[in-house]
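*Asks:* Below are the features I grabbed from TrEMBL:
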ACT_SITE  CYS86  active site, glycyl thioester intermediate
DOMAIN    1-148  domain 'UBC core'
REGION    9-28  region 'Disordered'
Amino acid sequence: MIKLFKVKEKQRETQSADGKPPVKKQSSGELRLQKDITELNLPKSCCISFPDGKDSLMNFEVTIKLAWRRLLQVYHPNIDLEGNVCLNILREDWTPILNINIIIYGLFNLFTQPNHEDPLNSDAANVLRDDPDEFKSNVKRAMSGGSVGDVHFSSCLT
């Protein structure tokens, strides 16, 4: 019986004829991500970067540049005070057909259309649901360095 898997493993370990290490085979996820990146059509206020370089596509950062300069904490029903984001397409509504472009637009739209029905910050969600004008006032207060409830926010307008 030929141990086919051992033979293939040895082939991967050996160097090619020109002395260079063998090229790492990309996973299906990496191939899909590479395709998604080439098809990106982001708004001008969004960008994607790869902190580990182009050889490590699975680790990427998305930056959404908002009208304010810096943001330490945000008063938002779908973002908690640690910066975790609640977006349905990243959880229960995720399907492999969704691409990076859709995810980034989903995050982008989350800022302009907060959802009180699926909150991470239930206090903000309740205010948004019950009194949208008070919610807007709380957002302005938080962005200017004020307090909302017992949470003090750093100004993101300076």
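Cβ atoms are placed via backbone N, Cα and C, with glycine included.
Curation plays no part in TrEMBL annotations; they are all automatic predictions.
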*Asks:* Check each residue in the chain of CYS86 (active site, glycyl thioester intermediate) that is at least six apart in sequence and keep those whose C-beta is under 8 Å from its C-beta; list them in sequence order.
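*Replies:* Set apart from CYS86 (active site, glycyl thioester intermediate) by at least 6 residues yet with Cβ under 8 Å, we have ASN78, ILE79, ASP80, ASP118, PRO119, LEU120.
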*Asks:* Between 0 and 100, where does the mean pLDDT of the domain 'UBC core' (1-148) sit?
*Replies:* 81
